[in-house]
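Here is what TrEMBL says about this protein:
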type: DOMAIN; residues: 2-222; note: domain 'Glutamine amidotransferase type-2'
type: ACT_SITE; residues: C2; note: active site, nucleophile
type: DOMAIN; residues: 273-420; note: domain 'SIS'
type: DOMAIN; residues: 453-594; note: domain 'SIS'
type: ACT_SITE; residues: K599; note: active site, for Fru-6P isomerization activity
Amino acid sequence: MCGIVGYTGNKPAQEIVIDSLKKLEYRGYDSSGIALHEGEIVFSKKEGPIANLESVLDSSNSKMAIAHTRWATHGVPSDVNSHPHLSNDGKIAVVHNGTIDNYLDIKSSLENEGFNFLSESDTEVIPNLLSKYYEGDLVKAVSKILDEIEGIYTIAAIHVDNPEQIVSVRNETPLVIGLGNEENYVASDIYAILKYTQQIIYPDDHQIVSVSPKDVKVLDQNLNEVKFEVETVEKYTEVAEKGGFEHFMLKEIFEQPKALQDSQTELFVNSPLDNLDLNWKIGSISVVACGTSYHAGLVGKYVIEQLTAIPVSVHYASEFRYAAPVQGVGGLMSSRPLVILISQSGETADTLAAARAAKQQGCHTVAICNVPGSRITREVDGVIITKSGQEIGVAATKTFLTQMQALYALAMHLAFQSGSIDHVMLKNWENELRGIPSKITQLLNSSESIKELVPHISKAKSTFFIGRNINYPLALEGALKLKEISYIHAEGYPAGELKHGPLALLSSDTPVIAIAIQDHTYSKLISNIEEISARSAPVITVAQKGDKQALRVSDHGFELPEVDPVLSPFLVAVFVQLLSYYVAHDLGKSIDKPRNLAKSVTVE
Ligand code: M6R
């Protein structure tokens, strides 16, 4: 999705913002642009990769710049719809993330006042509104437009009158200010500027920030200065290289043993769970997330319910935010409900809104997140940070595994606290989790054989993934991975549901990927495979090591390293990731940046 960077200081700004903008490419975008101060506002914008923008840039001495990557919401990807947008007089340039919901009303009233519009973008109303209210002070003009614009936004604006000042404001989408030595930064994503500074300010919604090389002021909407805290954040290892892998996604799949180990150190040595204050009798838990994070939540439900007997409901954040399901779970709220929000980015608009809705209902909120300091971590009551490192591929892989691991650890913690498991059992669980990275390494070492399955899938128009019990969410995740990177239609189903409708779709060209794990549902799953085979659909089964029966009833198969069924989702996940990756690779798709998708979904 869209990204913003801004720089004001003592160095050539163009180089810095282009370098920073490239750090945001992983988020997904369709065009990019830059505005500079060269005595007048100079701007360039181009559809396509940042390289297209670079190819039209002249050298510049400007010491201030704002730049943007656009992910189209209003108007097709094109040069003219890209940001920055300028006021009619060319004196103000604006970049914007988010959406202005009432832009059509604003546009028509500005048109009545004589303003012209060049693009289809909602953003173009902002520089013109600013220009309407500008009386020599850009901060004042920004404060005035806040009453008029509705929607979610991060805005960065510059005016020709001031060659040093960037003015920025946010509502529900991220904004960070980075502090340097006589130079300061504005960004919508901390990754954009971590190379340059670890001193970060996180403004609140509607706070207006005036950033100059030697001065940062944070003001409320009435223009009273407010105190701000400067936080020192951890420097991330920059992930610029694919380290010999053809795609970031493949690299990130292979990084999973390390991501799990690093997260184990966080979970079992730094013990963030002890600081969550979960010491009341929890009557119910709601887990709320989107996409892959939602699937991690579904796995978490099985583990938490199995270990603690606390009922867990799992919700899509986009639904939860508009419902009031928490109080509905157990009727009247007898004890404070716990709501767990899962988001690798910590920025997903729906998950953030769901966190706010849960807080409004008086719930205790805990986030599982991979980005320290991200919006969600600042809004909830407690945080579990996963240590996956930055994930660049749009398809979530290593963050999924570390989210699941965090939920297993949370289940163990709650079970120990409530007395359902003793210290010995707690340690046994911990040891079992510690054994998973080496099993994943074994699986990765045999990944070549997964390639042999590719021809059975890559020509299909439609596929199914089926699983039961704790591996039903893995069927959903397998289907999501395959569809998002290979563009083959895929559906994930609980295996027992096929006969209630989807069997009608099966034929010899509809492959079914079956997850056959030897838990208490195993014999039922084997029957489901036989029902599918009887309809001539080819079955590719992923089974535990030595499971001859599952492989005998299937057309093709893959054996996982030995694993306890309750921990099998970690290995099944790696299998479905690799299978999807190799299919997409065979089809020559854009694996790290699938069409139409973005890494962080910061709009609704
Ligand atoms: O950052 P989040 O975990 O909140 O993102 C949620 C989804 O957008 C995300 O998991 C998405 O489904 C994956 N990129 C799919 O691989």
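Each residue, glycine too, has its Cβ placed from N, Cα and C.
In the domain 'SIS' (273-420), the DSSP tally of helix, strand and coil residues is 68 helix, 26 strand, 54 coil.
Taking CA atoms as the reference points, C2 (active site, nucleophile) and the residue listed as 'active site, for Fru-6P isomerization activity' are 10 Å apart. Each residue of the domain 'SIS' (453-594) gets a DSSP state, and the totals for helix, strand and coil are 72 helix, 28 strand, 42 coil. Taken together, the residues in the domain 'SIS' (453-594) have a mean pLDDT of 96 on the 0 to 100 scale.
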